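Participant: So that we are looking at the same thing, I have put the structure below in structure tokens.
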Amino acid sequence: MALPGLKRILLKLSGEALMGPSPFGIDPETVASMAAEVKEAKDRGLEICLVIGGGNIFRGMAGAAKGMDRAQADYMGMLATVMNALAMQNALEQLGVQTRVQSAIEMDKVCEPVIRRRAERHMEKGRVVIFAAGVGAPYFTTDSGAALRAAEMKCDALLKGTSVDGVYNADPKQDANAVRYDRLSYDRVLADNLKVMDASAVALCRDNHIPIVVFNIREPGNLARVLAGEGVSTVVGDGAV
């Protein structure tokens, strides 16, 4: 499905996307491959910012389920996203792409604080900006952080790279008869509790008219194909079914 007129996008990656074949942590070859995808998209003339989850290192909700204090566990998850952001920054800069990391939890020895106008200037100058540490507060997912940054940066679309090629009516890994949707409305996603992003993230995108594009980031070259309208994806937006 074509995505015309895009100038600025936010790409949301799960932390698990950086694991590659490993069961945990960061696989340098996989990060380098993801960075090449981002560079290819940037070379199309797009302004790009990223949000990366932290589930490959630590997931706050999983920690809370095992008895940890939820807020404490979420802060640990936020720190994991900073580690992933620094890994991606390194990979992008090795490809010659100037990159800045901005963290919602200030740590000025390793990255900038989140400053909206500074982030906008970075992108206008052709730099990639990676937003880390979610929204800087517990009880919010990195999906919510991605929706917030997409709204702040006035992005034309939020692209969510996952391990599947769109949104289905059932888990395609468990149900061979699962059907993929080409387009969905925000309200349909919320009403049917479809697993696109958490409800607060979808609502924030709806209120700011930011389309959500769900696609498979693990397929080489797929980000560029989706941006060209040639790849397989699901678009969540206004006026869809």
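Just so you know, glycine gets a Cβ as well, placed from its N, Cα and C.
If you look up Swiss-Prot, you'll see K12, L13, S14, G15, G55, R59, T162, Y168, D171 marked as ATP binding site. As annotated by Swiss-Prot, UMP binding site applies to G54, D74, V135, G136, A137, P138, Y139, F140, T141, T142.
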Participant: For S14 (ATP binding site), what is the tally of other C-beta atoms lying within 10 angstroms of its C-beta?
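Facilitator: The answer is 20 other Cβ atoms.
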Participant: Nearest to G54 (UMP binding site) by Cα distance: which of the binding-site residues K12, S14, T162, D171 is it?
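Facilitator: If we rank K12, S14, T162, D171 by Cα distance to G54 (UMP binding site), first place goes to S14.
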Participant: Within 10 angstroms of the C-beta of T162 (ATP binding site), what count of other C-beta atoms is obtained when all protein chains are considered?
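Facilitator: Around T162 (ATP binding site), other Cβ atoms within 10 Å: 19.
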Participant: A 10 Å Cβ contact count, applied to the binding-site residues V135, A137: which residue has the minimum?
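Facilitator: Counting other Cβ atoms within 10 Å of each of the binding-site residues V135, A137 gives the minimum at A137.
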Participant: If you count other C-beta atoms within 10 angstroms, which of the binding-site residues G54, G55, Y139, T141, D171 is the most crowded?
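Facilitator: Answer returned by the neighbour count: G54.
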Participant: Going by DSSP, is K12 (ATP binding site) sitting in a helix, a strand, or coil?
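Facilitator: The three-state answer is strand.
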